[in-house]
Every structure is written in C-alpha cells, then in structure tokens.
Amino acid sequence: MGSYCSLILSLLVFVFVFGCRVVAITPGFDDNYVITWGDNNVLHLDQGRTIQLSMDKSSGSGFASKLSYGSGYFHLNMKLPAKDSAGVVTAFYLTSHDGDAHDELDFEFLGNREGKPYILQTNVFANGEGNREQRILLWFDPTAGYHTYKILWNPHQIVFYVDQIPIRVFKNNRKIGVDYPSKPMQIEASLWDGESWATDGGKEKINWSMAPFKAYFRGFNIDGCSSSSPPSSSSSYKSSSSSSSSSSNTDDQSVCYSTKLWWNREKYWKLTPYEQKAYENVKNYYMTYDYCSDKPRFPKPPPECPQ
C-alpha cells in the first residue's frame with residue numbers, strides 16, 4: 001500500500017512539474033507584445049491567447065514585440081479577414097525602424113473580392129533598399145482557419161514559410177555586393193487600408209459596407225535572440241514587461257550569430273532536399289510575380305537574381 005501511494009504521489013508531482021513547464025513556455029500576448037496603434041480596434045480573446053485586430057473606416061490596428069531581435073525563427077498563427085476584403089492588407093513583418101536605412105522582412109496578405117483568392121506578397125529590405133517583391137497564390141483558403149507563417153533569419157539565409165512549406169529564400173550574398181538584413185528588428189503585425197495599390201493595382205477599392213474587417217493572431221512565443229540576451233543552447237525566448245526597440249552595438253549583434261542558437265546551426269544554412277522540392281513546386285505552380293523576372297522594371301537583373 002505504501003509503495004502504491006508513493007507511486008501516485010510521484011505521478012502527481014510529475015504532472016504538476018510538467019504542467020508548470022507547459023505554462024512557462026507558452027506565453028500569452030502581453031508577455032512579449034504590445035498594442036502599437038488602433039487600441040479601440042483590438043480585442044484580447046481566450047485569456048490573451050488570441051488577438052483580434054479589426055479595421056473600420058476610422059482606423060486599422062497593429063501590435064509589435066517588446067524587444068528587438070538579431071536573429072531567430074519567428075512565427076505567428078493567423079486567420080485572415082473573410083469575404084469581400086479587396087484593398088485590405090494584413091501584415092506580419094520584421095522591421096528595424098531605421099528610416100531610409102532600415103531592414104525589413106514582409107509578409108503582406110492582399111485582400112480580394114469575395115470568391116477571388118488572396119495574394120501573398122513578400123519583400124526584403126536591406127539598408128533601406130527594397131523593391132524585391134514576390135507574389136504567390138495560396139493553395140488553401142486563409143480565411144477558413146489558422147495557418148502558421150514563419151520567417152527564419154540567420155547569418156546565412158532568410159526563409160519565408162507557409163506552414164512547413166518554404167515560399168521564398170533570400171541568401172546572404174554580401175560577397176557579391178548585396179546588402180543583407182543585419183539590424184535588430186521588432187516583430188510586428190497590422191491590419192490596414194491599402195486600397196491605393198493592394199488589389200488590382202488599386203483599381204478595386206474597399207467595400208466599407210463589409211467593415212469591420214477582422215484578422216486573428218495566435219502563437220505569441222518567440223524563438224529569437226534579443227539584442228540584449230546572451231546565447232544559450234536552447235531557444236533564447238525572453239519575456240519582459242519592458243519595451244526595447246533600440247539598436248544593439250556590433251558586439252551585441254554578433255552574439256545573435258552564435259551557433260549555440262539552434263536556428264544558426266548548419267542544418268539551417270540551406271533548405272533540406274524535401275524543402276527544396278516543395279519550394280520549387282511553389283515557384284512553378286503558385287508564383288504570380290517575381291521582381292527578378294520583371295525585365296521592364298529591371299533590364300539588368302539585380303545581382304542576387306539568377307543571371
């Protein structure tokens with residue numbers, strides 16, 4: 001009887017400890033993020049596990065991470081505005097806020113008329129230079145449920161993922177004179193009025209009778225190296241009630257390139273064979289625009305593009 005009671009007690013202790021660990025590694029929105037604009041159009045749902053951003057004629061809304069990061073594997077789970085969303089832009093991106101010399105990595109989901117597909121546009125800015133748009137069609141309805149959108153950023157490559165599928169790769173090509181994002185960046189998300197350009201070149205305007213437009217976000221844990229955090233062999237997730245958007249110095253930034261951080265290890269320097277095949281499939285069947293192929297815009301392809 002004594003052994004049985006001891007076993008039950010041990011199991012209860014294990015469940016308690018394991019449960020505490022689960023809570024510790026699944027932070028809510030307020031642990032890592034803050035609302036940055038459109039406060040009246042933001043709702044906290046599911047005890048902070050879900051955020052609803054909305055947009056009406058008066059304002060959109062957005063949020064940002066409290067800290068800036070120098071490398072990482074960043075993600076958000078998102079469900080996009082449904083029905084007639086032409087002119088509405090839902091964005092998830094990293095940005096350094098350095099004015100004309102800023103770095104930025106963009107997911108921009110361009111709404112459309114009801115029954116027509118969303119377009120996903122990505123862009124890469126390095127030292128203020130952008131104009132690297134690529135557009136794809138999604139192979140699912142992004143308004144019907146949550147999907148995970150991810151950005152891997154390390155010293156070797158930047159990869160944009162939709163769920164587990166890589167849809168864009170931007171290699172570090174500094175050796176041929178191409179700037180590569182290196183400034184600490186905040187994670188941001190927003191819902192805003194892009195009717196001047198987002199749908200059919202701005203011809204399709206927002207149908208305000210469908211407002212408010214609503215987007216939903218989950219998954220607020222962060223796998224990233226804060227510019228003020230030392231590296232560790234596990235994720236450098238850091239929760240803080242303080243906000244930091246200042247740039248780190250060179251020494252601090254170099255810490256975020258350490259191979260002690262899992263996303264900087266050699267296995268993340270290039271796509272796996274499976275990922276490469278999936279990526280080629282996206283380019284062949286779902287890509288609708290690639291700046292590298294836009295000869296009227298770039299008679300001479302940018303140096304990072306296939307020559």
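Every residue, even glycine, has its Cβ placed from backbone N, Cα and C.
As written in TrEMBL, here are the features:
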SIGNAL    1-19  signal peptide
DOMAIN    16-217  domain 'GH16'
ACT_SITE  GLU104  active site, nucleophile
ACT_SITE  GLU108  active site, proton donor
REGION    228-253  region 'Disordered'
COMPBIAS  228-248  compositional bias 'Low complexity'
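Note on the domain 'GH16' (16-217): its mean pLDDT in the predicted model is 95. When secondary structure is read from DSSP and collapsed to three states, the residue listed as 'active site, proton donor' falls in the strand class.
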